[in-house]
Amino acid sequence: MKNMGSPVKVGKMDATSFSSIASEFGVRGYPTIKLLKGDLAYNYRGPRTKDDIIEFANRVAGPLIRPLPSQHMFEHVQKRHRVLFVYVGGESPLKEKYIEVASELIVYTYFFSASEDVLPEYVTLPELPAVVVIKDGTYFVYDEYEDGDLSSWINRERFQGYLHVDGFTLYELGDTGKLVAIAVIDDKNSSVEHTRLKSIIQEVARDYRDHFHRDFQFGHMDGNDYINSLLMDDLTIPTIVVLNTSNQQYFLPDRHIENTEDMVQFINNILDGTAEAQGGDGLLQRIKRIIYDAKSTVVSVFKSSPLLGCFLFGLPLGVISIMCYGICIADTDGGVDEHEAAKKENSDRELTDEGSEEEQEEEKNGRYTGLSDGELKQKDVMEKKKD
């Protein structure tokens, strides 16, 4: 950043030593990357690579709205960005809203402004001012009545219509509120079935965008490892699955997808509620998730290193067993000792009580009180005669 002449200063902080500052900035996990700009703190949520972090820092540190004064500049920027948001027009409430949304979502994408004559010839705007997104070889104009809130619309449209989906991308797509239709394939497998399903998803994303773009995101995923852990099931690839990232539900086609029409019918069944939803975030599914994750962790550890698995799981179990055995033995001995002590105490109390009764009786009768030595001898003689 320094060599590039960037105004951004890079530093680090040990949040365990400065917990008050970490709490102030809402740090909940490590590592956390933030960019401080004025009174605002922007969280970095992109891939953890040097180039992506530098690109994020330059984007957020720069102006919220970047002007495009000429067609040449517009073409240059368009080559660098696959998704381009542009405000066209003068001062207006829409521009104020655009600036407000840019201050929130600049962590994800760039925001530009331009005059109408700078735009490509194929872009036709029904009225000004307007916000337009240029992507996938075409453009789409924001309509407040059909698209709702501007922030929600930009958050949905910041992705291309078709994506190579991985775990990070799927996590980011969760913010859009869209269902994600994925062709789960093996990129290294060039068989007809793998390429056919991928082509079907691409065709639906391109040809039926006006029908499904508000509700669906399309893409493909390489391999089924991640999707298996997400669905807690073993999917046979190639296959198609539709994920609802908001509640962890998913949909599987009830018949083989042969062509684009079959895929469109499957999507329509999901939209009208006739397709069966599986999974979810209910209590039973949460319990199943805990068991599945624990099982997967144990199995993966033992597969990678059996000796390490025995040590990691055997040692704690051995310690816990010894502790439980010690507690049980301690309770038994303690109970016997307490019983013996209580029994002895009761016996001593009885002896003490008897002695005190005899002394009270002797004091009451005055049996030996005030007798002389002669009287005592005479009393002994009389008792012997009586015996």
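Keep in mind that glycine also has a Cβ here, set from the backbone N, Cα and C atoms.
Curation plays no part in TrEMBL annotations; they are all automatic predictions.
A quick note: this is a predicted structure, and the numbers were derived from the prediction, not measured.
Annotated domain 'Thioredoxin' per TrEMBL: 6-58, in sequence order. Averaged across the domain 'Thioredoxin' (6-58), the predicted model reaches a pLDDT of 86.
The compositional bias 'Basic and acidic residues' annotation in TrEMBL covers 339-352 (among others).
Residues or ranges marked as region 'Disordered' by TrEMBL: 339-387.
What TrEMBL records for 353-362 is compositional bias 'Acidic residues'.
What TrEMBL lists as compositional bias 'Basic and acidic residues' is 374-387 (among others).
The DSSP breakdown of the domain 'Thioredoxin' (6-58), given as helix, strand and coil counts, is 15 helix, 8 strand, 30 coil.
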